[in-house]
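**Q** Below is the structure I would like to discuss, written out as structure tokens.
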Amino acid sequence: MAAPESLRPRLCRLVRGEQGYGFHLHGEKGRRGQFIRRVEPGSPAEAAALRAGDRLVEVNGVNVEGETHHQVVHRIKAVEGQTQLLVVDKETDEELCRRQLTCTEEMAHRGLPPAHNPWEPKPDWACSGSLGSDTGHKDVNGPPRELRPRLCHLRRGPQGYGFNLHSDKSRPGQYIRSVDPGSPASLSGLRAQDRLIEVNGQNVEGLRHAEVVARIKAQEDEARLLVVDPETDEHFKRLRVVPTEDHVEGPLPSPVTNGTSLAQLNGGSVCSSRSDLPGSEKDNEDGSAWKRDPFQESGLHLSPTAAEAKEKARATRVNKRAPQMDWNRKREIFSNF
């Protein structure tokens, strides 16, 4: 077994030959991600030091750990004649999972960071394994990992923060589309497919794309982003809890049974039905926020008074008007930082 200090990811640059790249990619049951199944002798893949059993982390600088087999193959073929693959062997993968480190291209050049190093990324969902309990992701070689949001501190570099933000028509919210290798975003632990929850301590789940961009740019040289990976996002939505900074290191929420609403423990907030209902109960066009019922947030669901019912009916009629499309929304499909 190799010493931990000698373990590192490998960046393999392949130039396509007459018979292709010369390797076979496949998924493994019970493990997240795509793996190198076979490398042909004398092929470009063998020359690039790709090995059977390697797990694929990035393709051409884009993290693919959460993508399907078809999506990964498409990314490999997207650049004609060549491709760049960031991979980890089994020992390195296990070490990264044990230390809860996010695999980055920077590690291929510098090696794994020592403990408590300032540039060490935050824990991520990269560890492969089978799903564990409601509160964790179980790795085949280790204990369950707690599903927590991640707080990423970014300090702007000469080329910006180094990530791309976009919205998805099929689901609400803002998502990290891609992260530039070696960028401030990459070093902070920000990953592709993360969903953005807070910017500089303020929840942005109900904001439009242009408004979120403005909040990120509000502080000139740094930003603090609270994000969740797809698995953590699904877990918190299942509990109907809004992730906050308290969940990064503090107590995690637990489901409450016997018909009681699912509440966040230890000072957090209950996830409002705003994220679960159609647009009639979202923010009005003039920017006024949907008013939360303090009793409902504490787990109580009271019948509305006659005045409240009348006000709700009036608001419903007003909200039936089709909102005007913000020209910024038309112009700015996604933004680079």
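A Cβ is built for glycine as well, from the same backbone N, Cα and C atoms used for every other residue.
According to Swiss-Prot, the feature compositional bias 'Basic and acidic residues' maps to 135-146, 327-337. If you look up Swiss-Prot, you'll see 255-275 marked as compositional bias 'Polar residues'. Swiss-Prot lists 11-91 with the feature domain 'PDZ 1', giving sequence analysis as the kind of evidence. Look at Swiss-Prot and you will find S130, S183, S186, S254, S269, S280, S303 tagged as phosphoserine. As annotated by Swiss-Prot, region 'Disordered' applies to 127-146, 246-337.
What's the neighbourhood like for these features in this structure?
**A** Around S183 (phosphoserine), taking its Cβ as the centre, 22 other Cβ atoms fall within 10 Å, counting all chains. Secondary structure from DSSP puts S183 (phosphoserine) in coil.
Other C-beta atoms found within 10 angstroms of the C-beta of S186 (phosphoserine) number 25, with every protein chain shown included.
DSSP assigns S254 (phosphoserine) to coil, not to a helix or a strand.
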**Q** Taking the Cβ of S254 (phosphoserine) as centre, how many other Cβ atoms lie within 10 Å?
**A** 14
**Q** To the nearest whole angstrom, what is the C-alpha distance linking S183 (phosphoserine) and S254 (phosphoserine)?
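**A** Approximately 36 Å lies between the Cα of S183 (phosphoserine) and that of S254 (phosphoserine).
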**Q** Please report the Cα separation of S254 (phosphoserine) and S186 (phosphoserine) in Å, rounded to an integer.
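**A** If we compare the Cα positions of S254 (phosphoserine) and S186 (phosphoserine), the gap is 31 Å.
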**Q** Which numbers of helix, strand and coil residues does DSSP report for the domain 'PDZ 1' (11-91)?
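**A** The breakdown for the domain 'PDZ 1' (11-91) reads 16 helix, 32 strand, 33 coil.
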